[in-house]
Amino acid sequence: MKTDAIRNGPGSRSARPRKPGSRGLWLAGFLALLALAGPLPALADGAVATQPQVEVALISAQTAVGQARQIRLGLHFTLAKGWKTYWRSPGDAGYPIAVDWAGSGNLAKADLLWPAPHRFTLFGLDTFGYKDEVVLPVIATLSEPGKPLSIKAHLRYLVCETVCIPYEADLALEIPAGDALPSAQAQLIDRYYAQVPGDGRAQGLTLEQVALAGSDAKPSLEVTARSSLAEFAAPDLIVEAPPGLYFGKPDIQLGDNDKLARFTLPITREATAPALSGATVIVTLTDGIRGLERNVTLTRAAGSGENFSGLLAIVGVALLGGLLLNLMPCVLPVLSLKLLGVAGHGGGEKAHVRLSFLVSAAGVLAAFLLLAAMLAALDAAGLAIGWGIQFQQPLFLAAMALIVTLFAANLMGWFEITLPGWLGSLASDADAAAGRAADRRSLPGYFLTGMLATLLATPCSAPFVGTAVSFALSRGALEIFVIFGAMGLGLALPYLAVAALPGIAVALPRPGRWMIHLRRLLGIALAATAAWLLSVLAGDIGIWGVAILGGLLLAMALALALLHRLPVDKRPLLWGGAAALGIAALALPALISSGPTAQARTQAQAGLAEGWAPFEEARIGALVAQGRTVIVDVTADWCITCLANKTLVLDRPEMKAAFESGKVVTMRADWTRPDEAISRYLARFGRYGIPFNVVYGPKAPEGILLPELLSRDAVLDAIARAGS
């Protein structure tokens, strides 16, 4: 299992500042002779390999595997004074550390992470790597959580001072089963894990502008970065680009009390290199141990994606995206609520129709602002954020299943949602002002319907939604609230349209017995939605856990159905029983540990069962270097748009035949549960939600992004453009 590709081969990214001159050719030739001579074997003793210049150790952050699906490991390099080793893109010379995990036991995959590197300048050449000490964190995903982990790692690496020496080492580490406790190396691994460049928010780093400048004969790249938490101390910028494009050492100017950094990098382009405009590069900003990493599509003018000219433009995009959410597959579970809202006003009064639909729109907006507040709080705490990530949490899924079950029971006529007394008075006043008798039961139902519609819509993405969400989540709290508010307004536009034209609803027949049948039919639709939510939970609590949870919800619904059959004095007891069943349903996911049924659902097994390979980012560069085309599908069980893409496009027999005939390597990343490696992968593209699909190939080593809603032609066209 290869986890790291040597990136100075065909199709690799290049961080070289310029084409090597005579000294660069001399140094490259010297390194080639060393490679021909063969790497020297390291003196390996289990988890440690020692050489006079370097000691390498394979370490773990915990003493036992525990029950988690992922654990943190580390490759700890201790270098003698003056010696260095190399980053994933070494620059003008050298080659990166490479690891092969073949022979490991109970290991589904291992993701090697790279802390922010240093720039070394020698003979006018720039290289990137580490000196003194570094830990490369490793996120190990277990095939069977709870069982012992046996790690075997074969390393190839280069250390240099005035001379360079290539080494190989074989390391092994056994991590037993049992309760996971922090090891003696846990803090060391965590310290370097914090230095792995991500989206930069936790370190207060942002990229404000990345744009091409200069003439065609003498192009350059201009980058503006801001540090909100502290002044820049020693900022640097590294650009990894497709073969044939070389970005020079940046000229750096500081401003705004050293909290603003402007970088200008000269660009050299070979004749065979791709065009600059439209090329995708990886920009890594470092400032000591702080770092930011972002995939950027180069353009001369601020445009879509990362470089929107202003907040107003993205607000328009968010508004349109929210409107289009009404047409996405996720409209199915909430369609019943919208249909009932319109049908229930047949023959009614226009003033009341207007009021009720305005209240529903307010519920939509309130839910979006609630999501914005939650994401802003998580962002401020330095935690991972994204669109729909609440569906990764078993407690949220159980809560949504409970709420949807209550709505289904309400539609079946088993009980009514009523307002508290003080809110009921407000509702009565509002209805009186609208010119009709008070209806204390309507307004809270409409408001909650709007909120539920929003929460059930979040597993979906739509055109423009991914762009708007990515822009918001890569900025600050203000942008998050403004853009999420605009999306909420877009999703609420159908409600607002009926409020503006209430005659649409009034023209329908008056409610009668047909409404009772409609309510029951739509209640069944919501019950099916609750069943879908429970199916997503199966990955955490297993089939038996889902069966128990479903039984608790059904018993709660039946208890509510019996309420109107009992005398008034007996109803509090039944209310208490229904409440106890609901609380038990919420507590169940936390009480049931992931058993063998859930453990069996690893990312590797889920992908291979469908003919897709498990996602391993480090394999992509090597496959592209071999001339292969790679398509990556980031999906999740709770993502309805993802399921639609798989059913209608990716998993169709004709598409599978096209993949096989074109020798396309298909990888699937399962984000149903939190996964740090997948989160970082998405963040490098400036994305914070799914679906996410990208195609790599010899002509597109940085990847071609596909739209949220896939089509057969879009996928095949990207494969053709990326292929050799």
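For all residues, glycine too, the Cβ spot is worked out from N, Cα and C.
Please treat TrEMBL annotations as automatic predictions, because they have not gone through curation.
Noted in TrEMBL for the protein shown:
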- 64-172: domain 'Thiol:disulfide interchange protein DsbD N-terminal' (DOMAIN)
- 312-535: domain 'Cytochrome C biogenesis protein transmembrane' (DOMAIN)
- 1-20: region 'Disordered' (REGION)
- 308-335: transmembrane segment (TRANSMEM)
- 356-389: transmembrane segment (TRANSMEM)
- 395-415: transmembrane segment (TRANSMEM)
- 446-474: transmembrane segment (TRANSMEM)
- 480-508: transmembrane segment (TRANSMEM)
- 520-537: transmembrane segment (TRANSMEM)
- 543-561: transmembrane segment (TRANSMEM)
- 573-592: transmembrane segment (TRANSMEM)
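Most Cβ pairs within less than 8 Å of the transmembrane segment (520-537), among stretches 395-415, 480-508, 543-561, 573-592, belong to 395-415. Highest Cβ pair count under 8 Å relative to the transmembrane segment (395-415), across stretches 480-508, 543-561, 573-592: 543-561. Tertiary proximity for the transmembrane segment (573-592) is limited to same-chain residues at least six positions away from its ends with a CB under 8 Å from its CB atoms, namely 394-395, 397-399, 401-402, 537, 540-542, 545, 548-549, 552-553, 555-556, 559-560, 562-563, 566.
Break the domain 'Thiol:disulfide interchange protein DsbD N-terminal' (64-172) down by DSSP state and the numbers are 0 helix, 71 strand, 38 coil.
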